[in-house]
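Participant: Take this structure, written in structure tokens, and hold onto it; I'll ask about it next.
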Amino acid sequence: MFRRGWFLPIAAALGFSFLYAPIVSLVIFSFNESRLVTVWSGFSTKWYGELFRDPQMLGAAWLSLQIAALSASIALVLGTLAAVALVRFRRFRGRTLFSGMVSAPLVMPDVITGLALLLLFVAMESFIGWPRGRGMLTIVIAHSTFCMAYVCVVVQSRLSDFDRSLEEAAMDLGASPVRTFFDITLPIIAPALVSGWLLGFTLSLDDLVIASFVSGPGSSTLPMVIFSKVRLGVSPDVNALATIIIGIVATGVLIATIIQLRSKPKKARA
Amino acid sequence: MTATHDPTIPPPRRLKPWNAVERGLAKVGISGRMLVLIAPALWLLIFFLVPLAVVFGISLATKQFGRPPYSALLSTEDGTVQLTLHLSNYIRLFTDNLYVAAYLSSIRIAAISTIITLLVGYPMAYAIARASDRWRNILLMLVILPFFTSFLLRVYALTGFMRGNGVINQFLGLFGIEPLVMMQTDFAVYVGIVYTYLPFMILPLYTTLVKLDVSLFEASADLGGRPLRTFLSITLPLSLPGIIAGSMLVFIPAIGEFVIPSLLGGPETLMIGRVLWDEFFTAANWPRAAAVAVAMLVVVVVPIMLMQRAQSAVVEK
């Protein structure tokens, strides 16, 4: 029943159609002439044109891209440091608290994270006068904090299964720990760093709830604009936007998978 | 083969900026180890732990007009510092039926969705783990792809799919079936959670299933174990860590879910994330929202700890 039967292929096929059918229909209807998103009335790319003439949408997209790039970079540095600490330093004071703090943002409901950070920013502003008001800076801080948890998980798994004897050899040959890290460790964990950064970037680009709490007037991110449009019903330009995003993501994931398959040594099947 | 090295050519010089950095830091008495630890620890302390404490503090204040819109906990009057704590938010939480109902219905919705996600995701993860090398990579990519695609846009894609004149109802219409009302029901919320969280379930399940030793199944089959029996007595128990990890990754964020109930659910779909949102954005009652958050944390922390304990017990066995 399970190894060579019909059950698994059918279950998997159904599961994957469930995952993809709504996305496929969304992409198809982005090329629909009619404003009614569900009635097909001919091929058209006018919603794409509309999208690129919408200054609110373009402004929000640009802001979101900047925030995502900044947050992913900060999260990359902090998350990698945290991963190194957790994997390499076997024992230190407060380790349990530290590892708890690193992994808790992964499952913390967004509404709690958002509210907590907002209340912190408001309290900080009234005590020390920083951060003044809320906007891009506060969103970047919030996003860096939850993205670093994801970076840490990705880097941690790469760090814990690579051959430590390479590092030991470098140190035996007289390299300092810092030099060993930059010369040996960093190149080896580079793929994890790339995927960690990309993960942080997409998570930041995607976040609605946390950004809604910590943003200020005039700093609406792309998801916030999309959400306010979608709340009022289906709008075809959102379909067009979704198609563009899906296209970019699909290309990126495809390239990453091909690179990974190419770089994997033939014998790597364990 | 003796003259592989020409002694006249010096080894290539390389820039070593880190040596200088290291020496500089050592002079101040900071070890690299401490430096590695201190930046992420400090960041998390300030932007993760302290905010939770602030939430707890403000949950003990009351709503007030002004900036910030809550009463001060500490005040100085005639040179004495006064600490004013209000329990009214918590009392309201327990006495107002809205909040209790929202908590219970969040837990119910999250639990049912988690079970459905497990039932849908398990065979998929198993199929991927047992697929040939080539197929496995393609299928894994297909699972990861939606994971990287915008969560909000995937929920939006579902609305176009399930609405009154959406794809499903048009398809049913071809067979003369009356359109179903799916949007703005609890059903749509279940579908939404299963749909968006499915990759979170599949990936940890796949990780445990792919590591299982195939010889165990063969041994069981050789001993006359039926496939179903083999599955129940070998595969299922051995994949328990994956089941727990996947379920935790679905259940906990689903409890606080806001986007799915507000886009797919109806006005009567009560979920605590939505209540918190309305309390904050619509009613502008920050202390009440903070109290809701603290109570949600209590609800969420208990399953996290229980499941982590269960998981470590499984690993030790």
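A Cβ is built for glycine as well, from the same backbone N, Cα and C atoms used for every other residue.
Copying in the features that TrEMBL gives for the protein in this structure:
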type	residues	note
TRANSMEM	A:7-31	transmembrane segment
TRANSMEM	A:60-86	transmembrane segment
DOMAIN	A:61-259	domain 'ABC transmembrane type-1'
TRANSMEM	A:98-124	transmembrane segment
TRANSMEM	A:136-159	transmembrane segment
TRANSMEM	A:180-199	transmembrane segment
TRANSMEM	A:238-259	transmembrane segment
Participant: So which of A:98-124, A:180-199, A:238-259 is most in touch with the transmembrane segment (A:60-86), counting Cβ pairs under 8 Å?
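Facilitator: Counting Cβ pairs under 8 Å, the winner is A:180-199.
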Participant: Counting only pairs at least 6 apart in sequence, do the transmembrane segment (A:98-124) and the transmembrane segment (A:7-31) share 3+ Cβ pairs under 8 Å?
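Facilitator: Contact criterion not met.
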Participant: How about long-range neighbours of the transmembrane segment (A:180-199): same chain, 6 or more residues beyond its ends, C-beta under 8 Å?
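Facilitator: Counting only partners 6 or more residues beyond its ends, the transmembrane segment (A:180-199) has Cβ contacts under 8 Å with 72-73, 75-76, 79-80, 84, 147, 150-151, 154-155, 157-159, 162, 166-167, 170-171, 252, 256, 260, 263.
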Participant: Could you pull out which residues elsewhere in the chain have a CB under 8 Å from any CB of the transmembrane segment (A:7-31), counting only those six or more residues past its ends?
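Facilitator: Result: 1, 37-38, 40, 43-45, 47-48, 236, 239-240, 242-243, 246.
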